[in-house]
Amino acid sequence: MRRELLLEKIETYKAIMPWYVLDYYQSKLAVPYSFTTLYEYLKEYKRFFDWLMDADLTKVPKIADIDLSTLEHLTKKDLEAFVLYLRERPSLNTYSTKEGLSQTTINRTLSALSSLYKYLTEEVENDQGEPYFYRNVMKKVSTKKKKETLASRAENIKQKLFLGDETLAFLDYVDKEYEQKLSNRAKSSFRKNKERDLAIIALLLASGVRLSEAVNLDLKDVNLNMMIIEVIRKGGKRDSVNVAGFAKGYLESYLAVRQRRYKAEKQDLAFFLTEYRGVPNRMDASSIEKMVGKYSEDFKIRVTPHKLRHTLATRLYDATKSQVLVSHQLGHSSTQVTDLYTHIVNDEQKNALDNL
């Protein structure tokens, strides 16, 4: 979604929200939470508030009138009824005949509500320096996580990684072969964005940054001499990230055409730009996802930018055997989340031994 459209949608949701949700939004914007995250949270709050009114748990005529007392006095049974509603309601805006939302979507909804309740009961201060209320019913609501062993997850992910020589082969394919299959009209569009697209893919493969971190990069955040970029991690922490040397040429080629190709002026701070009707804009997450999916599907298998992050992490662990180093590269505070890469690498080693 383009940034301008995203901000428009956010304003639409803000216009119907209670005052305390607007306080929450302002507080999290200062962290900073990304606009994408806040947009998703606002959608979840609307879903929840709509249900409160439909279930007669509040007698007000519109969402903006739902008061703090309503949230304070909701019971565990009320929230469990909401979860059951989510699990059984028909999916909207889809051709699927499947009843109910996925567990992943339900967990996302509950996560958004937990964040709001934590803000209202712990983080915010009223005139007396106290939170708005103390009872956090969300602490009593359990979430169900998908059960899957690390070995099983590693096996599923491994097929979607560009390991070994495939990392550079993927870049080389986009650079030299992809164009050959295109019509003359499609070639024109491809050539316009070729350097930018290659720079994005190379950066993801060479640094392992999250999609949101790549989207939010500004020119000042990129140091090609040191091959270091500055990013805002989850939770608003600023971090310096090393970038593998193979990405340097692609990034330099993009920078050489960025100003002329995308009509960038001094006020256009975003590193990765797109141009629409002569106006440069920051490239958004959905456009990058589609771009990565398009090229990767033609090369081998359709993947997301997050799989390129997994690719970097797996290759780095394979080269160093250090979970601590991989955790630091990815911006994780613990090595627990990097256990996945040990399973992938160990499986690769076993396959290599079997072929001896």
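The backbone N, Cα and C atoms fix where each Cβ goes, and this holds for glycine too.
Look at Swiss-Prot and you will find 16-121 tagged as domain 'Core-binding (CB)'. Taken from Swiss-Prot, the feature domain 'Tyr recombinase' covers 169-354. Feature annotation from Swiss-Prot assigns active site to R210, K234, H306, R309, H332. Annotation comment: Swiss-Prot describes Y341 as active site, O-(3'-phospho-DNA)-tyrosine intermediate, evidence class sequence analysis.
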* Inter-residue C-alpha distance, H332 (active site) and Y341 (active site, O-(3'-phospho-DNA)-tyrosine intermediate) (nearest angstrom) -> 14
* Proximal residue to Y341 (active site, O-(3'-phospho-DNA)-tyrosine intermediate) among active-site residues R210, K234, H306, R309 (C-alpha distance) -> R309
* What residue among the active-site residues R210, K234, H332 has the most other CB atoms lying within 10 A of its CB? -> R210
* Asked: Among the active-site residues H306, R309, which residue has the largest number of other Cβ atoms within 10 Å of its own Cβ?
  -> R309
* Asked: Looking only at Cβ atoms, how many others are within 10 Å of the one on Y341 (active site, O-(3'-phospho-DNA)-tyrosine intermediate)?
  -> 24
* **Rounded distance in angstrom between the Cα atoms of R309 (active site) and K234 (active site)** => 15
* Spatial separation of K234 (active site) from H306 (active site) - C-alpha basis, Å -> 15
